[in-house]
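The S-adenosyl-L-methionine binding site annotation in Swiss-Prot covers R107, D108, E123, R124, D174, and the record cites sequence analysis as its basis.
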Amino acid sequence: MNDTLAITYSTPARLSEAEKLARQMKLPLVSLNSTDYSFLLVFTPAHLELRSTGTKAPGPLYVDFLKGATAHRRLFGGGRSQLIVRAVGLKSHPHPTILDLTAGLGRDAFVLANLGCDVLMIERNPVIALLLRDGLERAQSVEWFKSLKLELIEIDAQIYLSTLKKQFDVIYMDPMYPIRKKSALVKKEMRILRRLVGADDDAPQLLALALKKAKHRVVIKRPRLSNPLPGPAPDVVYEGKSSRFDVYLLKPSS
C-alpha cells in the first residue's frame, strides 16, 4: 500500500486530521497536486475521499448516505420489491440480523438497514473502511439515520467468521470478482475499488464458513452471467438485469 497511497488535504482546516491519519497508517503526507502515488486520500471540507491520480483518472470516491445515488435508492429504489429484499427473506423474517462480509461502500447494507434489518458490516481493506466510517459518522447528523441498526467492524472476514460465536439470521456477501474484459459499463467506483483491493479470491472459503455460521440463509451477490461459487449449488436464484442473488437455505438446528 505504501507505494500507491498517500494522504493529503484540500483545506488547512483539516491539516491536523491528515497528519494524524498519515502517522497512524505510516503513509506520506503530500501536496494536493502530487502525482507520485496511484491514490490520494484527501480530507476535503465536506468529507474524506479517495482520488486516483493521472490524466485519465476517474472522479473521487467517497461515501454519502444522505445525498446522491445512495440516498436516491433509499427513496425511490423499490423498497421491499427489490431483489435483495426477496433474497434475504424479509417476508418470512421481517427484522433479521444480517452479517455483511464484504461491506465495500455500504450501499446494500444501508438499503437493508432502512428496511428494518439489524446489519453488521465487515470490511477488511483499511482504506475502504475509512471511507465507509467517514460516511457513517457524517450521516449521524440526521435523526432518521441515528435510528438505523448499521455498524461497521474493520477486520478480515475469514478471521471474524472463524471466531464468531453469535449466529446471524443471514450472512451476505458481494465478493469482488476479476475483470473479465474492459467495458464502458464498469462504473467508476468499481474500477477504483478493483485497482485498490483486487479480487476476493477467498470467496469460496468464505462461503464454506458462512454456511456453517448462518442461522437461516447465506446470500451471495454475483454478476448475472457468472458461475456460482465453488461448493454446493444455491437453493434459490433471484436474477436481475446485471446481477443475481444466489441463496443457500439452511435447515434449522435440531
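Backbone N, Cα and C atoms are what each Cβ position is placed from, and that goes for glycine too.
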Residues that sit under 8 angstroms from D174 (S-adenosyl-L-methionine binding site) by C-beta distance, when 6+ apart in the chain: D100, T102, G104, D108, I220, K221
For E123 (S-adenosyl-L-methionine binding site): DSSP state (helix, strand, coil): strand
Neighbour tally for R107 (S-adenosyl-L-methionine binding site), based on other Cβ positions within 10 Å of its Cβ: 18
